[in-house]
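Visitor: Can you keep this structure in mind? I'll have questions shortly.
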Amino acid sequence: MSIFARVAGTGSYLPELRLTNQDLVERLAKTGLETSDEWIKTRSGISARHFAAENELTSDLAVRAAEAALSSTGINSADLDLIILATSTPDHLGGFPSTACVVQDKLGAHTSCAAFDVQAVCAGFTYALAVADAFIRSGSYKKVLVIGAETFSRILNFQDRGTCVLFGDGAGAVVLEASKEAGILSTVMHADGSQRDILCVPGRAGNGEVRGSPFMTMDGQAVFKLAVKVLEQVAHEALDKAKLKPEQIDWLVPHQANIRIMEGTAKKMGMSMDKVIVTVHEHGNTSAASIPLALDSGVRSGQIKRGQHLLLEGVGGGFAWGAVAIKY
């Protein structure tokens, strides 16, 4: 008998501090950096983003999203077998202890609930779903919490107009459970380390110092060109693996990086933007959190309904990309 990983529920959280484009324009002007609401919107589709408070950690955002997801299912944290957290901005320098372990403790999950982080930047949530799906299909775990959470505001260079206006903080989560009913239909992951320098944090820690820049850097044109190309390819791979055609997809739920990338991908897929869940205008690029944020938004708005076919896809630094086909 086949076992599927079914999406039992979703949840999300955005920090209280919301900065509109104009708020950011005024903040940057104080440091001598010029930009405008029109410049930001035209190039990205972003109108606002949320930043975590000084005392708010990635794990705090993750817990809020996780609690919302659990609440939507009636499943308790004590019932969880596994927690997988996708993040590039962990609570601790060096990435350990894992932020997933911190979340496990804050949620009050049992020590029998395993917990670990996955790092694939903006593709992280698709990677985490693929890992969770494999564990559930193998029969190893029955109830898995998958989270994408980021505090990217802490690695932004506010002297770099090309990046600091694009990113925000947030978290999204899904609860997966073993089911006889179809859920996750296919997963595909890819990586190309030769493209690692076009989107990265170049600094390295050593002997108590950061050698190189501690801020993220991005070659925007190179990222755009590669992203549109690989997203179309991986989307078709996931659909072929799930034995679906593009016209059978009810909703494309893409990584919310840039409206132009989403429009380019939809066009190459032959899909109308009316079938794309778009939330980038509300929170900017939240890296690993963006797909689950968009997914939960679609569920809460009533756009995404049970029985519909969804295609999730994301691409990020590494270079890494992935896609997941789901019957919701």
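Cβ coordinates are placed from backbone N, Cα and C, and glycine is handled just like the others.
Pulled from Swiss-Prot, these are the listed features:
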type     : residues : note
ACT_SITE : Cys122   : active site
ACT_SITE : His255   : active site
ACT_SITE : Asn285   : active site
REGION   : 256-260  : region 'ACP-binding'
Visitor: Measure from the CA atom of His255 (active site) to the CA atom of Cys122 (active site) and give the result in Å, rounded to a whole number.
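Guide: Cys122 (active site) and His255 (active site) have their Cα atoms 7 Å apart.
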Visitor: On the three-state reduction of DSSP, what should I expect for His255 (active site)?
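Guide: DSSP call for His255 (active site): coil, neither helix nor strand.
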Visitor: Within 10 Å of the Cβ of Cys122 (active site), how many other Cβ atoms can be counted across all chains shown?
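Guide: Excluding its own Cβ, Cys122 (active site) sees 32 Cβ atoms within 10 Å.
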Visitor: What's the CA-CA gap between Asn285 (active site) and His255 (active site) in angstrom, rounded?
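Guide: About 8 Å separate the Cα atoms of these two residues.
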Visitor: My understanding is the cutoff is Cβ-Cβ under 8 Å with a sequence separation of 6 or more in the same chain; which residues meet that for His255 (active site)?
Guide: Cys122, Ala123, Asn285, Ser290, Ile291, Glu313, Gly314, Val315, Gly316
Visitor: In this predicted model, what is the average pLDDT of the region 'ACP-binding' (256-260)?
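Guide: Mean model confidence (pLDDT) across the region 'ACP-binding' (256-260) is 95.
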